[in-house]
Amino acid sequence: MEEFVRQCFNPMIVELAEKAMKEYGEDLKIETNKFAAICTHLEVCFMYSDFHFINEQGESIIVELDDPNALLKHRFEIIEGRDRTMAWTVVNSICNTTGAEKPKFLPDLYDYKENRFIEIGVTRREVHIYYLEKANKIKSEKTHIHIFSFTGEEMATKADYTLDEESRARIKTRLFTIRQEMASRGLWDSFVSPKEAKKQLKKDLKSQGQCAGSPTKVSRRTSPALRILEPMWMDSNPTATLRASFLKCPKK
């Protein structure tokens, strides 16, 4: 799984995921599924923000090519991917500037057009189940929730999907590709099943020549900074210049 992640995600995304896991004492060599899920969530957040700007008239526009003469502001502020201290500094600054209500939990993005924080979720389960879990945790109507699945489904607060259909389709296609690439390498089942994950971990440790006494238990602890995890796997926390370039997964 670790090799797959390093091949299939932008190096900047991988680096951010490594820093997040290191900050909370998590070993990516052991918790490889979490490593993959953090990278997936980061990429979705960056794709959500990509190409969306606000022009001089305050209108939301999509620009895929940089125009040095255009006075444009990024529509979305990316909060996900920052260390906790910096992330809260950004959130506080946004609240002071816009008058937005400070969220209880760190969100993933801020939408300057709709003036709201956004929580992004990526799940392999039924989207409505994960949405309800997320809403129950956040307990705030001020934070907009948008959930994507690896099967192409999505769910958002009040059916307001924020982005245009084409932008959302890019995200869904990327998630489907990740799923297919994992499956082709025999990694998908272990990514979504705790039992299969343990088997895969034991197999990986054995292939790495580690001793029989090496730890094989997969941690179920959820890092505070990586709250958008489902109960076992990561679903989901920099600047405007850190936009992901999306690499196709090379075949074996």
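Backbone N, Cα and C define each Cβ position, glycine as well.
Around Leu28 (site 'Important for efficient shutoff activity'), the same-chain residues six or more apart in sequence whose CB sits under 8 Å from its CB are Glu2, Ala17, Glu18, Met21, Lys34, Phe35, listed in sequence order. Taken from Swiss-Prot, the feature site 'Important for efficient shutoff activity' applies to Leu28 (among others).
Swiss-Prot lists Leu65 (among others) with the feature site 'Important for efficient shutoff activity'.
The annotation active site is assigned in Swiss-Prot to Glu80 (among others). Under the DSSP three-state reduction, Glu80 (active site) is assigned to coil, being neither helix nor strand.
Neighbour count (other Cβ atoms within 10 Å of the Cβ, all protein chains): 28 for Asp108 (active site). Taken residue by residue with DSSP, Asp108 (active site) is part of neither helix nor strand, so it is coil. What Swiss-Prot records for Asp108 (among others) is active site, and it gives similarity to another entry as the kind of evidence.
Marked as site 'Important for efficient shutoff activity and nuclear localization' by Swiss-Prot: Lys195 (among others).
Residues annotated as site 'Important for efficient shutoff activity and nuclear localization' in Swiss-Prot: Lys198 (among others).
Per Swiss-Prot, site 'Important for efficient shutoff activity and nuclear localization' is recorded for Lys199 (among others).
What Swiss-Prot lists as site 'Important for efficient shutoff activity' is Lys202 (among others), and the listing cites similarity to another entry.
The site 'Important for efficient shutoff activity' annotation in Swiss-Prot covers Lys203 (among others).
According to Swiss-Prot, the feature site 'Important for efficient shutoff activity' maps to Lys206 (among others), an assignment based on similarity to another entry.
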How far is it from Asp108 (active site) to Glu80 (active site), counting Cα to Cα, in Å?
5
